[in-house]
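Beneath this line is the structure, given in structure tokens, with notes to follow.
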């Protein structure tokens, strides 16, 4: 059976990490693409990782390029191309320049990889994934945004740290836009099946501490930006996107929070927003509509409003 093909658009920190993880998991052959001025970076990283494969013990072909024709036949395309956040910069500040980049990338994908499952990482995420779907014209089930898996992973890590338990036993969901208005769901998050509110009653933690963890989750990206000072997170975002790609390529049908296009679910129509979905061979095969209480719904609505305004700004900038 022929190997699958994974195309990575953007050979920066996330792109390089994606290339390594995809190879280590033997998901397929990898194409690392960047702009002509950075073609050497794409080729250099591809060669460097290929040379690591005999040591690590995995088989994968690696190609570095600046030519979109090399995306031909890609099963998955993961898009990281764009300008990273700098300290003091909000995700929204990135709209203008990244919208132009996404338009160019989307046209390349539409022409050369029309059957691909597209995962967008570029910020501001919810607006960029919507723009990608518009530019490609792909079925919305085949265009998805990586945000919720990352935000939930951060939430899970903070909770595991607080409870001093394995991250594997912590399940957590983050809904809404990938930004300051995201909604980490305390009610639907558990440790070994025990909901967080019950753990508060059991004396494992306090509501105040949980509130602090929720806020730290919202600020998770900015915390990393502030520490690195030279860019934004790349290990956890790459791991999150690879988990999504693997679920698609292997038809695992994992339930993951992702930015998906809603068609009436949660009272939202025609907008990409973070919700739990099932990812399988058909792409986004199902949107899981969980019941929200009044407080959660209010926070979710606020997040949706923030995404809507961002989409409007993007539409003006992108023309």
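The backbone N, Cα and C atoms fix where each Cβ goes, glycine too.
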Out of 29, 34, 115, 139, which does Swiss-Prot tie to the same NAD(+) site as 10, 11, 12, 13, 14, 15, 98, 121, 122, 123?
-> 34
Run through the Cβ atoms and count how many others sit within 10 Å of the one on residue 121 (NAD(+) binding site).
-> 28
Of the binding-site residues 10, 12, 34, 123, 154, the one whose Cα sits nearest to the Cα of residue 178 (active site, proton acceptor) is 123
Residue 154 (substrate binding site) versus residue 123 (NAD(+) binding site) - Cα distance in angstrom | 17
Cα-Cα distance linking residue 154 (substrate binding site) and residue 14 (NAD(+) binding site), given in Å to the nearest integer = 17
From binding-site residues 10, 12, 34, 121, the one whose Cα lies nearest residue 154 (substrate binding site) | 121
